[in-house]
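**Q** Next up is a structure, given as structure tokens.
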Amino acid sequence: HFNGIKLRVETTLPSVFTLRGSNVTLPCRFWYEPPLNSPRSVRVKWSWSPITGDREVDVLVAIGHHQRSFGDFKNRVYLQHDLPGDTALVITNVSMSDTGQYRCEIIDGLEDESVTVDLELRGVVFPYQPQNGRYHLTFPEARQVCEEQDAIVATSDQLYMAWQEGLDWCNAGWLADGTVQYPINLPRYPCGGLGLAPGVRSYGPRHKHLHRYDVFCFSSSLRGRVYYLEHAQKFNFTEAIQACIEDDTQIAKVGHLFAAWKFLGLDRCDAGWLADGSVRYPITTPRLNCGPHKPGVRSFGFPSPYYKYGVYCYSSG
């Protein structure tokens with residue numbers, strides 16, 4: 001308290017969901033009780049704690065109309081300032097690495113009040129196994145292969161939500177917190193036994209450099225277009241890459257295909273090459289001769305690069 005006046009800070013939304021590539025507003029406002037007769041100059045500070053558990057970093061600091069942003073947020077964030085006391089943070093062109101907890105801190109002399117807002121992405125979780133087979137990835141390697149497929153390592157919450165939506169996968173995979181888990185909807189002998197109820201099984205934390213598993217990746221919706229390249233002939237892997245280039249695009253990544261299936265309803269019963277050398281196809285309306293009787297991205301694994309298939313291309317424009 002100063003002179004009987006109390007500084008108050010609040011957010012109307014403790015969690016905000018958005019899509020990759022979009023703009024998002026994290027609400028925050030402050031006021032005084034009782035109201036002041038004249039405005040005071042306060043310092044506004046937004047900081048961010050990533051979901052990986054790394055240390056909190058500065059995002060933006062403002063005094064009056066003077067604002068300064070930092071690091072990867074530089075020139076991508078600003079304060080909204082729509083109404084008196086409005087200190088909402090606007091983040092433009094949201095990336096998948098922007099998720100985490102944001103702190104809005106208002107400093108007036110010795111008074112210091114803050115609130116937090118969690119930023120989460122809507123997306124799709126998919127299990128990923130590299131070309132050299134099951135359980136070959138250390139945690140750093142798992143993080144790298146997800147990034148190579150236009151994705152990030154999924155969190156425990158993201159995997160749990162995917163399980164609730166029907167994800168059933170018997171191979172254990174890394175998650176962002178360094179634990180190893182797998183989701184089961186249909187209990188069976190090789191996947192923990194028949195006696196266990198459906199759920200997300202956990203091995204708990206594993207050694208990030210010694211232990212090897214698969215990984216669960218998370219991709220958010222995308223700006224751009226994924227399409228099956230209509231062509232009179234099929235391609236080997238090298239020809240598939242070149243065919244997309246000649247169509248002024250690039251060969252699609254696994255994360256591209258999953259996001260297009262999940263958010264754009266891509267439905268194609270044609271197997272096609274992807275950038276990692278795998279062959280897959282997306283089905284939103286199950287039908288005869290197109291795999292199992294449920295929606296999903298079907299996989300042919302990693303066939304010989306000399307085999308002939310179609311190709312899925314990705315255009316970012």
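Just so you know, glycine gets a Cβ as well, placed from its N, Cα and C.
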**Q** Cys269 pairs with which of Cys244, Cys290 in a disulfide, per TrEMBL?
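**A** Here TrEMBL pairs Cys269 in a disulfide with Cys290.
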**Q** Could you list the residues of the same chain, at least six apart in sequence, whose Cβ is under 8 A from the Cβ of Cys269 (disulfide bond)?
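**A** Expected: Tyr281, Ile283, Arg287, Asn289, Cys290.
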**Q** Taking all residues of the domain 'Link' (224-315) together, what is their mean pLDDT?
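**A** A mean pLDDT of 96 is what the predicted model shows over the domain 'Link' (224-315).
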**Q** Using the alpha carbons only, what distance in Å do you get between Cys170 (disulfide bond) and Cys313 (disulfide bond) once rounded?
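**A** That comes out at 30 Å between the alpha carbons.
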**Q** Determine the minimum-neighbour residue: among Cys170, Cys244, listed as disulfide-bonded residues, which Cβ has the fewest other Cβ atoms within 10 angstroms?
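**A** Minimum Cβ neighbour count within 10 Å, taken over the disulfide-bonded residues Cys170, Cys244, occurs at Cys170.
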**Q** So among the disulfide-bonded residues Cys191, Cys290, who's got the most Cβ atoms within 10 Å?
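**A** The residue with the densest Cβ neighbourhood is Cys191.
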**Q** Just jot down the residues in the same chain as Cys313 (disulfide bond), at least 6 apart in sequence, with C-beta under 8 A of its C-beta; none if empty.
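**A** Cys313 (disulfide bond) has long-range Cβ partners Val226, Tyr227, Tyr228, Leu229, Ala243, Cys244, Asp247, Thr249, Gln250, Ile251, Ala252.
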